[in-house]
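Copied over from TrEMBL:
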SIGNAL    1-27  signal peptide
COMPBIAS  105-122  compositional bias 'Low complexity'
REGION    105-129  region 'Disordered'
DOMAIN    147-207  domain 'Peptidoglycan binding-like'
DOMAIN    234-297  domain 'Peptidoglycan binding-like'
Amino acid sequence: MKNSAKNKIKALLLSAAAALLPTHAQAEDSFTFLPDLGNNDDSFNEKKRSWGKVFKNVAKLDKNGEVKYIASHRSHMSHRSGGGGGGYGHRSHYSHYSSYGGGSSHYSSSSSSRSSSSSSSYKKPKLKSAGDYSIGERTLKTGIHGSDVTSLTGYLATGLYINRSWIKEKDGYSLYDTTIASAVKHFQKDAGLPQTGIADQTTIDKLKSWDNSKTTVILGTRELSYSETSTDKGTDVTELVNLLTKAGFAPDPKKIVMTSDGRTEFTKDIATAVRFFQAYNNLTVTGRADDATIKTLKSKIH
């Protein structure tokens, strides 16, 4: 055979073999399977026949010596070439899919692992229950209940802005209702703050350090009584004296004691006036201005 024909066929076979390699990474392996055509005519003819099965539908040599590929058969011929090509076609595709499939599997596994790790390490923040709040952690307003509201009502009672009997509870904690809102508004007025009825941080801070001698006490906020060792005094005592006077049970005006800051003291004479009122209205006679006495007294006036 002429050398030119041999060279063209060699080129044909090499081109076809290269076309079977799907990736650059397999290019190195391709040389293992390329036939050694040699220079011996018999050897060349024998190998040409063996490899002809592999390449006859993959590429062809036209009459001008040009190599033409049959594109539609490239992927299919690699599977059909198993018999004549020593299984190279299957090996090529197996290697191709293995490299991609394995990588995909590895990536999927890694992604799953990272996702699982991320999911297991993330924990949703625990929602606080009513008992978890400390006073000052949140702004308090009507409808809220919790341990912080309980603390707030304690400060309001100490500051003489509410009577503890007025406090309502929900789930074992004080409820911020309209009564508490009114008490907060009352305190804000005394403290020179905007009268919102909402216990914000500024209101709470002021209330914590409040001196109740500055409180404008409303009658009924506390029970008033006389003691030789401790005397109740405040604006609520002044109001009590006014109501007793209107009801016809006025204490002796000459025995009324006023403090330097304008508060009235609950004296023994006032306690005596209360006793007379209680007896006249079939109340338990104690001389103390308790809730029942004050309510009855107010009902007689209004």
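Using N, Cα and C of the backbone, Cβ positions are placed for all residues, glycine too.
Sorting each residue of the domain 'Peptidoglycan binding-like' (234-297) by its DSSP state yields 35 helix, 5 strand, 24 coil. When DSSP labels each residue, the domain 'Peptidoglycan binding-like' (147-207) comes out as 36 helix, 6 strand, 19 coil, counted as helix, strand and coil in that order.
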